[in-house]
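Novice: Starting off with a structure, shown below.
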Amino acid sequence: MMSVRRTCESRQMSRADIDTVFRNHGESGVMDVEKSTKEHAWMEKLISEVQDVFKNDHINTEDLKYVLQNYKSNPCDWKKYANFDAHKYTRNLVDIGNGKYNMMILCWGPGMSSSIHDHTNSHCFVKILDGSLCETRFAWPETEGKDAPLQKLGETLCNTDDVTYMSDEIGLHRMENPSHSDGCVSLHIYIPAYDNCQVFDERTGRHTKAVVTFYTKFGRKVDYRHSRQGILPPPDAENVNRSQYSPY
Ligand SMILES: [Fe+2]
């Protein structure tokens, strides 16, 4: 059974925060405001701050890093997007930033890891929202067409509220939840968004193309049964099965 290190706590909202809630939910009554302030307002505030960084054509990645570092994670803010699966880590799309980036939340069960992959020439920011991820970096394969093990560059353990950055200029990486008992939730921003990447075999350096898919988009489960692109149900459909694997 996974444990939760940080529970939902009420927070003092500033006038600006309350205004943001009204802007996003409409002046529909006290109940809406109370519910939203308790749950998703801070996530919306974070999305709004990230969108502000992308307002201009020139994007200052240091500004984005500052916004992510400044946010102190609380499960109340993002639990709507934290959908776990028993067999694989999940990617849950949160915001597409007017086509400039993809923001998503990844949920990792105990021991789950990604493949070794590149980032299709995008910038990649990761903030740990709960738990830990071990990042292992590798150099790009040196010899095209000749099998050789990938060269390991180093390992870093990232804990709750840590922010890390990755790009193809640095190399390749694999992310893994090292815990045998606890889940991990991480926030990822890819600039620009991409639909596919390359995944690598550690022993041979060979690569294949992998298509990016999502477990949920904007809190709704994507149905891939009849379409490779996936079908998104109507906004009012409650179709995410909140299983025992979701500790939030
Ligand atoms: Fe990555």
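Glycine residues also receive a Cβ, built from the backbone N, Cα and C atoms like all the rest.
Unlike curated records, TrEMBL annotations are generated automatically.
According to TrEMBL, the feature Fe cation binding site maps to HIS117, HIS119, HIS173. For 227-248, the entry in TrEMBL reads region 'Disordered'.
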Novice: Relative to the Cβ of HIS119 (Fe cation binding site), which residues of the same chain, six or more apart in sequence, are found under 8 Å away?
Specialist: MET166, SER167, ASP168, TYR190, TYR194, CYS197
Novice: Name, in the order they occur in the sequence, the residues of the same chain whose CB lies under 8 A from the CB of HIS117 (Fe cation binding site) and which sit 6 or more residues away.
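Specialist: Counting only residues 6 or more apart in sequence, the Cβ neighbours of HIS117 (Fe cation binding site) under 8 Å are LEU172, HIS173, ARG174, CYS197, GLN198, VAL199, PHE200, ALA210.
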Novice: In the same chain, which residues outside the set HIS117, HIS119, HIS173 have their CB within 8 A of the centroid of the CB atoms that define the Fe cation site?
Specialist: SER114, ILE116, ASP118, CYS124, MET166, ASP168, LEU172, ARG174, CYS197
Novice: Tell me, how many other CB atoms lie within 10 A of the CB of HIS173 (Fe cation binding site), whichever protein chain they belong to?
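Specialist: Other Cβ atoms found within 10 Å: 22.
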